[in-house]
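Written below as C-alpha coordinates is the structure these notes are about.
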Amino acid sequence: MVEAQTWATRRMSNPRLDEQVVEIPPTPPGELRQGSSTATSSPTVMTALIIASWYLSNIGVLLLNKYLLSFYGFRFPIFLTMLHMLSCAAYSCAATRFLHLVPLQHLHSRHQFLKILALSFIFCFSVVCGNTSLRYLPVSFNQAVGATTPFFTAVFAFLITCRTETAPVYLALVPVVLGIVVASNSEPLFHLFGFLVCVGSTAGRALKSVVQGILLTSDAEKLHSMNLLLYMAPLAAFILLPFTLYIEGNVLAFTLHKAKGDPFIVFLLLGNATVAYLVNLTNFLVTKHTSALTLQVLGNAKAAVAAVVSVLIFRNPVTVMGMAGFGITIMGVVLYSEAKKRSKVTTH
(Lines of atoms letter the chains of each structure in order from A and count residues from 1; the text may use other names and numbers.)
(Lines give C-alpha, C1' and ligand atoms only; values in the text may rest on other atoms or scores of the structure.)
Protein backbone atom coordinates (compact mmCIF):
# COMPACT_ATOMS: atom_id res chain seq x y z
CA MET A 1 0.00 0.00 0.00
CA VAL A 2 2.85 2.38 0.79
CA GLU A 3 4.51 1.57 -2.52
CA ALA A 4 1.28 2.30 -4.43
CA GLN A 5 0.87 5.70 -2.71
CA THR A 6 4.48 6.59 -3.41
CA TRP A 7 4.09 5.76 -7.09
CA ALA A 8 0.89 7.81 -7.34
CA THR A 9 2.59 10.74 -5.67
CA ARG A 10 5.50 10.54 -8.13
CA ARG A 11 3.11 10.48 -11.06
CA MET A 12 1.28 13.61 -9.82
CA SER A 13 4.61 15.43 -9.27
CA ASN A 14 5.32 15.39 -13.03
CA PRO A 15 2.18 16.28 -15.01
CA ARG A 16 3.98 15.90 -18.36
CA LEU A 17 3.96 12.13 -17.86
CA ASP A 18 0.16 12.24 -17.86
CA GLU A 19 0.06 14.30 -21.06
CA GLN A 20 2.61 12.41 -23.18
CA VAL A 21 2.77 8.74 -24.03
CA VAL A 22 6.07 7.62 -25.48
CA GLU A 23 5.83 4.58 -27.70
CA ILE A 24 9.08 2.73 -28.22
CA PRO A 25 9.18 1.38 -31.77
CA PRO A 26 10.16 -2.22 -32.28
CA THR A 27 13.76 -2.92 -33.19
CA PRO A 28 14.01 -3.22 -36.98
CA PRO A 29 15.38 -6.39 -38.53
CA GLY A 30 19.08 -6.66 -39.21
CA GLU A 31 18.60 -6.17 -42.97
CA LEU A 32 16.83 -2.84 -42.47
CA ARG A 33 19.46 -1.62 -40.00
CA GLN A 34 22.20 -2.51 -42.47
CA GLY A 35 20.38 -0.76 -45.32
CA SER A 36 19.95 2.39 -43.22
CA SER A 37 23.64 2.55 -42.32
CA THR A 38 24.56 2.05 -45.96
CA ALA A 39 22.29 4.92 -47.01
CA THR A 40 23.86 7.14 -44.35
CA SER A 41 27.42 6.29 -45.30
CA SER A 42 26.81 6.67 -49.05
CA PRO A 43 26.64 10.53 -49.01
CA THR A 44 29.68 10.58 -46.74
CA VAL A 45 31.68 8.49 -49.21
CA MET A 46 30.51 10.71 -52.08
CA THR A 47 31.56 13.87 -50.22
CA ALA A 48 34.96 12.35 -49.42
CA LEU A 49 35.48 11.47 -53.10
CA ILE A 50 34.54 14.99 -54.18
CA ILE A 51 36.94 16.55 -51.66
CA ALA A 52 39.71 14.19 -52.82
CA SER A 53 39.00 15.17 -56.44
CA TRP A 54 39.16 18.83 -55.49
CA TYR A 55 42.54 18.34 -53.83
CA LEU A 56 43.91 16.34 -56.75
CA SER A 57 42.75 18.83 -59.38
CA ASN A 58 44.03 21.88 -57.47
CA ILE A 59 47.42 20.38 -56.72
CA GLY A 60 47.56 18.72 -60.15
CA VAL A 61 47.13 21.96 -62.10
CA LEU A 62 49.79 23.65 -59.98
CA LEU A 63 52.30 20.88 -60.55
CA LEU A 64 51.49 20.63 -64.27
CA ASN A 65 51.88 24.38 -64.71
CA LYS A 66 55.20 24.30 -62.87
CA TYR A 67 56.42 21.36 -64.95
CA LEU A 68 55.43 22.97 -68.25
CA LEU A 69 56.74 26.45 -67.50
CA SER A 70 59.93 25.61 -65.62
CA PHE A 71 61.08 22.11 -66.55
CA TYR A 72 59.53 21.30 -69.93
CA GLY A 73 60.62 24.56 -71.53
CA PHE A 74 57.13 25.76 -72.45
CA ARG A 75 57.69 29.39 -71.43
CA PHE A 76 54.37 30.83 -72.53
CA PRO A 77 52.25 31.61 -69.43
CA ILE A 78 49.82 33.90 -71.29
CA PHE A 79 49.05 31.29 -73.95
CA LEU A 80 48.72 28.63 -71.25
CA THR A 81 46.21 30.82 -69.42
CA MET A 82 44.28 31.41 -72.65
CA LEU A 83 44.20 27.64 -73.20
CA HIS A 84 42.77 27.23 -69.70
CA MET A 85 40.07 29.80 -70.46
CA LEU A 86 39.11 28.12 -73.74
CA SER A 87 38.86 24.80 -71.92
CA CYS A 88 36.70 26.31 -69.18
CA ALA A 89 34.43 27.89 -71.81
CA ALA A 90 33.95 24.61 -73.69
CA TYR A 91 33.42 22.44 -70.62
CA SER A 92 31.15 25.01 -68.95
CA CYS A 93 28.98 25.10 -72.06
CA ALA A 94 28.69 21.31 -72.01
CA ALA A 95 27.97 21.24 -68.26
CA THR A 96 25.19 23.83 -68.38
CA ARG A 97 23.60 23.35 -71.81
CA PHE A 98 23.86 19.57 -72.25
CA LEU A 99 24.56 17.89 -68.89
CA HIS A 100 22.39 20.41 -66.96
CA LEU A 101 24.60 20.30 -63.86
CA VAL A 102 23.21 23.72 -63.00
CA PRO A 103 20.30 25.67 -64.54
CA LEU A 104 21.43 27.92 -67.39
CA GLN A 105 21.14 31.64 -66.60
CA HIS A 106 21.01 34.29 -69.33
CA LEU A 107 22.41 37.81 -69.24
CA HIS A 108 19.65 40.38 -68.84
CA SER A 109 21.29 43.59 -69.97
CA ARG A 110 24.30 45.23 -71.56
CA HIS A 111 25.09 46.71 -68.15
CA GLN A 112 25.42 43.21 -66.67
CA PHE A 113 27.64 42.16 -69.58
CA LEU A 114 29.99 45.11 -68.96
CA LYS A 115 30.25 44.13 -65.30
CA ILE A 116 31.27 40.58 -66.24
CA LEU A 117 33.75 42.01 -68.76
CA ALA A 118 35.37 44.04 -65.97
CA LEU A 119 35.60 40.92 -63.83
CA SER A 120 37.18 39.08 -66.77
CA PHE A 121 39.99 41.65 -66.97
CA ILE A 122 40.77 41.19 -63.27
CA PHE A 123 40.50 37.41 -63.64
CA CYS A 124 42.97 37.43 -66.56
CA PHE A 125 45.44 39.55 -64.64
CA SER A 126 45.30 37.25 -61.63
CA VAL A 127 45.69 33.96 -63.53
CA VAL A 128 48.44 35.24 -65.86
CA CYS A 129 50.42 36.57 -62.91
CA GLY A 130 49.96 33.28 -61.06
CA ASN A 131 51.18 31.20 -63.99
CA THR A 132 54.08 33.59 -64.65
CA SER A 133 55.24 33.36 -61.05
CA LEU A 134 55.58 29.58 -61.40
CA ARG A 135 58.38 30.15 -63.93
CA TYR A 136 60.50 31.80 -61.26
CA LEU A 137 59.31 30.49 -57.88
CA PRO A 138 58.85 27.00 -56.42
CA VAL A 139 55.27 25.88 -55.85
CA SER A 140 55.81 25.81 -52.09
CA PHE A 141 56.69 29.51 -51.93
CA ASN A 142 53.96 30.34 -54.45
CA GLN A 143 51.40 28.74 -52.15
CA ALA A 144 52.81 30.57 -49.14
CA VAL A 145 52.31 33.92 -50.86
CA GLY A 146 48.87 32.86 -52.10
CA ALA A 147 47.79 32.18 -48.51
CA THR A 148 47.86 35.95 -47.86
CA THR A 149 44.66 36.44 -49.89
CA PRO A 150 42.61 37.38 -46.75
CA PHE A 151 44.97 40.31 -46.13
CA PHE A 152 44.39 41.78 -49.60
CA THR A 153 40.65 41.06 -49.36
CA ALA A 154 40.43 43.11 -46.16
CA VAL A 155 42.47 45.93 -47.73
CA PHE A 156 40.36 46.13 -50.91
CA ALA A 157 37.11 45.83 -48.96
CA PHE A 158 38.15 48.86 -46.91
CA LEU A 159 39.43 50.92 -49.87
CA ILE A 160 36.51 50.21 -52.20
CA THR A 161 33.51 49.76 -49.90
CA CYS A 162 34.85 51.39 -46.69
CA ARG A 163 33.91 48.19 -44.88
CA THR A 164 35.75 47.74 -41.61
CA GLU A 165 36.33 44.58 -39.61
CA THR A 166 36.56 43.93 -35.90
CA ALA A 167 39.84 44.29 -34.04
CA PRO A 168 40.40 40.49 -33.73
CA VAL A 169 40.07 40.14 -37.52
CA TYR A 170 42.73 42.78 -38.16
CA LEU A 171 45.00 41.31 -35.47
CA ALA A 172 44.74 37.90 -37.17
CA LEU A 173 46.18 39.44 -40.35
CA VAL A 174 49.45 40.29 -38.58
CA PRO A 175 50.79 36.69 -38.58
CA VAL A 176 49.56 36.30 -42.19
CA VAL A 177 51.93 39.03 -43.36
CA LEU A 178 54.65 38.25 -40.81
CA GLY A 179 54.92 34.67 -42.02
CA ILE A 180 55.52 35.77 -45.62
CA VAL A 181 58.22 38.20 -44.49
CA VAL A 182 59.99 35.39 -42.63
CA ALA A 183 59.56 32.93 -45.53
CA SER A 184 60.78 35.47 -48.12
CA ASN A 185 63.96 36.28 -46.21
CA SER A 186 64.89 32.61 -45.98
CA GLU A 187 63.68 31.31 -49.40
CA PRO A 188 66.72 29.80 -51.22
CA LEU A 189 65.11 30.25 -54.66
CA PHE A 190 63.71 33.74 -54.07
CA HIS A 191 63.22 35.74 -57.26
CA LEU A 192 62.12 39.37 -56.99
CA PHE A 193 60.11 39.52 -60.23
CA GLY A 194 58.50 36.15 -59.51
CA PHE A 195 57.61 37.35 -56.01
CA LEU A 196 56.06 40.58 -57.31
CA VAL A 197 53.87 38.87 -59.93
CA CYS A 198 52.83 36.27 -57.34
CA VAL A 199 51.75 39.08 -55.01
CA GLY A 200 49.93 40.61 -57.99
CA SER A 201 48.12 37.33 -58.59
CA THR A 202 47.08 37.10 -54.94
CA ALA A 203 45.90 40.71 -54.91
CA GLY A 204 44.00 40.08 -58.15
CA ARG A 205 42.10 37.14 -56.64
CA ALA A 206 41.14 39.27 -53.64
CA LEU A 207 40.11 42.21 -55.85
CA LYS A 208 37.95 39.93 -58.01
CA SER A 209 36.07 38.59 -54.98
CA VAL A 210 35.41 42.11 -53.66
CA VAL A 211 34.40 43.57 -57.05
CA GLN A 212 32.22 40.54 -57.79
CA GLY A 213 30.37 41.10 -54.53
CA ILE A 214 29.75 44.72 -55.55
CA LEU A 215 28.83 44.26 -59.21
CA LEU A 216 26.62 41.19 -58.97
CA THR A 217 24.70 41.75 -55.75
CA SER A 218 21.15 42.30 -57.00
CA ASP A 219 18.88 39.28 -57.40
CA ALA A 220 18.44 40.03 -61.10
CA GLU A 221 22.19 40.10 -61.81
CA LYS A 222 23.43 37.45 -59.40
CA LEU A 223 24.89 34.49 -61.29
CA HIS A 224 25.70 30.97 -60.18
CA SER A 225 29.45 30.35 -60.05
CA MET A 226 29.30 27.88 -62.95
CA ASN A 227 27.25 30.30 -65.07
CA LEU A 228 29.64 33.12 -64.22
CA LEU A 229 32.52 30.95 -65.43
CA LEU A 230 30.55 30.20 -68.62
CA TYR A 231 30.46 33.91 -69.50
CA MET A 232 33.82 34.97 -68.06
CA ALA A 233 36.00 32.27 -69.64
CA PRO A 234 35.42 33.13 -73.34
CA LEU A 235 35.73 36.85 -72.57
CA ALA A 236 39.02 36.18 -70.78
CA ALA A 237 40.32 34.14 -73.73
CA PHE A 238 39.36 36.97 -76.12
CA ILE A 239 41.18 39.49 -73.89
CA LEU A 240 44.32 37.34 -73.73
CA LEU A 241 44.51 36.65 -77.48
CA PRO A 242 46.17 39.95 -78.56
CA PHE A 243 48.65 39.77 -75.65
CA THR A 244 49.55 36.22 -76.66
CA LEU A 245 50.09 37.22 -80.29
CA TYR A 246 52.14 40.29 -79.37
CA ILE A 247 54.25 38.96 -76.49
CA GLU A 248 54.34 35.22 -77.29
CA GLY A 249 53.91 35.32 -81.06
CA ASN A 250 56.07 32.24 -81.67
CA VAL A 251 54.06 29.96 -79.39
CA LEU A 252 52.29 28.08 -82.21
CA ALA A 253 55.53 27.54 -84.14
CA PHE A 254 57.25 26.36 -80.97
CA THR A 255 54.40 23.99 -80.08
CA LEU A 256 54.26 22.46 -83.58
CA HIS A 257 58.03 22.04 -83.69
CA LYS A 258 58.00 20.47 -80.23
CA ALA A 259 55.11 18.17 -81.14
CA LYS A 260 57.01 16.73 -84.11
CA GLY A 261 59.76 15.47 -81.85
CA ASP A 262 57.63 14.82 -78.78
CA PRO A 263 53.87 14.32 -79.39
CA PHE A 264 53.39 14.02 -75.64
CA ILE A 265 53.21 17.82 -75.42
CA VAL A 266 49.76 17.75 -77.06
CA PHE A 267 48.37 15.41 -74.41
CA LEU A 268 50.17 17.42 -71.73
CA LEU A 269 48.56 20.69 -72.81
CA LEU A 270 45.10 19.16 -73.25
CA GLY A 271 45.34 17.39 -69.90
CA ASN A 272 46.51 20.57 -68.23
CA ALA A 273 43.59 22.53 -69.68
CA THR A 274 41.10 19.85 -68.61
CA VAL A 275 42.43 19.77 -65.05
CA ALA A 276 42.14 23.59 -64.98
CA TYR A 277 38.40 23.24 -65.56
CA LEU A 278 38.11 20.45 -63.00
CA VAL A 279 39.42 22.88 -60.40
CA ASN A 280 36.35 25.06 -60.93
CA LEU A 281 33.94 22.12 -61.18
CA THR A 282 35.14 20.41 -58.00
CA ASN A 283 35.21 23.78 -56.24
CA PHE A 284 31.48 24.09 -56.96
CA LEU A 285 30.78 20.48 -55.95
CA VAL A 286 32.62 20.80 -52.63
CA THR A 287 30.64 23.94 -51.79
CA LYS A 288 27.39 22.20 -52.78
CA HIS A 289 28.03 19.10 -50.66
CA THR A 290 29.60 20.89 -47.67
CA SER A 291 29.65 24.67 -47.20
CA ALA A 292 31.64 27.76 -48.13
CA LEU A 293 33.28 27.72 -44.70
CA THR A 294 34.39 24.10 -45.16
CA LEU A 295 35.84 25.05 -48.53
CA GLN A 296 37.82 27.81 -46.88
CA VAL A 297 39.21 25.46 -44.24
CA LEU A 298 40.08 22.85 -46.87
CA GLY A 299 41.78 25.57 -48.90
CA ASN A 300 44.06 26.41 -45.97
CA ALA A 301 45.09 22.77 -45.68
CA LYS A 302 45.43 22.49 -49.48
CA ALA A 303 48.16 25.13 -49.54
CA ALA A 304 50.24 23.14 -47.06
CA VAL A 305 49.63 19.83 -48.88
CA ALA A 306 50.57 21.37 -52.25
CA ALA A 307 53.77 22.78 -50.77
CA VAL A 308 54.81 19.41 -49.33
CA VAL A 309 53.96 17.51 -52.54
CA SER A 310 55.89 19.99 -54.69
CA VAL A 311 58.98 19.68 -52.49
CA LEU A 312 58.82 15.89 -52.71
CA ILE A 313 58.43 15.94 -56.52
CA PHE A 314 60.65 18.83 -57.62
CA ARG A 315 63.17 18.57 -54.76
CA ASN A 316 63.46 22.33 -54.36
CA PRO A 317 65.48 23.29 -51.29
CA VAL A 318 63.64 24.48 -48.19
CA THR A 319 64.87 25.94 -44.91
CA VAL A 320 63.60 25.66 -41.37
CA MET A 321 62.86 29.39 -41.31
CA GLY A 322 60.97 29.10 -44.59
CA MET A 323 58.77 26.33 -43.23
CA ALA A 324 58.27 28.28 -40.02
CA GLY A 325 57.19 31.36 -41.99
CA PHE A 326 54.74 29.29 -44.03
CA GLY A 327 53.38 27.79 -40.81
CA ILE A 328 52.91 31.24 -39.28
CA THR A 329 50.98 32.40 -42.35
CA ILE A 330 48.69 29.35 -42.31
CA MET A 331 48.10 29.84 -38.58
CA GLY A 332 47.19 33.46 -39.26
CA VAL A 333 44.73 32.44 -41.97
CA VAL A 334 43.06 29.98 -39.59
CA LEU A 335 42.81 32.67 -36.89
CA TYR A 336 41.41 35.07 -39.48
CA SER A 337 38.72 32.58 -40.48
CA GLU A 338 37.71 32.03 -36.87
CA ALA A 339 37.67 35.77 -36.15
CA LYS A 340 35.49 36.42 -39.23
CA LYS A 341 33.08 33.68 -38.18
CA ARG A 342 32.76 35.09 -34.67
CA SER A 343 32.29 38.65 -35.93
CA LYS A 344 29.42 37.48 -38.18
CA VAL A 345 27.76 35.69 -35.25
CA THR A 346 28.11 38.81 -33.08
CA THR A 347 26.69 41.03 -35.84
CA HIS A 348 23.66 38.82 -36.40
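Glycine too: its Cβ is placed from the backbone N, Cα and C atoms.
Please treat TrEMBL annotations as automatic predictions, because they have not gone through curation.
Features of the protein shown, as given by TrEMBL:
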DOMAIN    47-337  domain 'Sugar phosphate transporter'
REGION    18-39  region 'Disordered'
TRANSMEM  43-64  transmembrane segment
TRANSMEM  76-101  transmembrane segment
TRANSMEM  113-134  transmembrane segment
TRANSMEM  140-160  transmembrane segment
TRANSMEM  167-183  transmembrane segment
TRANSMEM  189-207  transmembrane segment
TRANSMEM  228-247  transmembrane segment
TRANSMEM  267-286  transmembrane segment
TRANSMEM  293-314  transmembrane segment
TRANSMEM  320-337  transmembrane segment
Handout entry: Ranked first among 113-134, 140-160, 189-207, 228-247 for CB pairs under 8 angstroms with the transmembrane segment (167-183)
Key = 140-160
Handout entry: the transmembrane segment (320-337) and the transmembrane segment (76-101) contact flag, 3+ Cβ pairs under 8 angstroms
Key = no
Handout entry: Any contact, the transmembrane segment (113-134) to the transmembrane segment (228-247), with at least 3 Cβ pairs under 8 A
Key = yes
Exercise for the section: Restricting to the domain 'Sugar phosphate transporter' (47-337), report the mean pLDDT as a whole number. Expected result: 90
